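Step one of this worksheet: look at the structure below.
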Amino acid sequence: SFCVFSSRSSAKLIAPLGSLVSRQKHALPDLPYDYGALEPHINAEIMQLHHSKHHAAYVNNLNVAEEKYKEALAKGDVTAQVSLQPALKFNGGGHINHTIFWTNLSPNGGGEPRGELMDAIKHDFGSFANFKEKLTAVSVGVQGSGWGWLGYNKEQGRLQIAACANQDPLQGTTGLIPLLGIDVWEHAYYLQYKNVRPDYLKAIWNVINWENVSSRYATCKK
């Protein structure tokens, strides 16, 4: 919210307002652990390529698409705005999804969640084992590239499992708030697990960061 300033202090406003107009570009977030920290479940080579090449490409391409979109808006060029939507969705989704994914994983992960999240999982899926089986099955079943998700349906007040194709972001395409995402693009596992996606999915449960998932759940329930 803006306050009323005297003429003496108005000069101080020029710099901050100028920086508001020039939008910050998206940046590749740092990983909260080393590339090799998730071994043996996900090896260092996969993590390095996945983060520094794949995620970085989504960030760079999103910045380019947003710049073009800004130009199209300034020109009132609706055709160009519409034609840029797929690039914004794909690269924007890739950036959103991976930013969540890195925090969903931890070298100290695995096991089972506790507290409110565990209560909700038992309530909505019957048991943790049943939930794990369902999310694994949905993730295995993604055709081609995509993601398996545990999301929160705010309207219905319950947890829900969903799959998204390609880099479609969960909330932007289904309305569910993302809690836990499992990347099943081949670049997420091929170097280590080849074409055997179920082996990768079995291993990833050993590095799921339930503290992060629980924190996301607590935040979206407020």
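Placed from the backbone N, Cα and C atoms, the Cβ positions cover glycine too.
Curation does not apply to TrEMBL; its annotations are automatic.
What TrEMBL records for this protein:
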type    : residues                     : note
DOMAIN  : 25-106                       : domain 'Manganese/iron superoxide dismutase N-terminal'
BINDING : His50, His98, Asp183, His187 : Mn(2+) binding site
DOMAIN  : 113-216                      : domain 'Manganese/iron superoxide dismutase C-terminal'
Other CB atoms, at most 10 A from the CB of Asp183 (Mn(2+) binding site): 24
Under 8 Å by Cβ from His50 (Mn(2+) binding site), counting only residues of that chain that are 6 or more apart: His98, Asp183, His187, Ala188
Residue among the binding-site residues His98, His187 whose Cβ has the most other Cβ atoms within 10 Å: His98
Any further residue of that chain within 8 Å (Cβ to the Cβ centroid of His50, His98, Asp183, His187) of the recorded Mn(2+) site: His51, His54, His55, Phe101, Trp185, Ala188
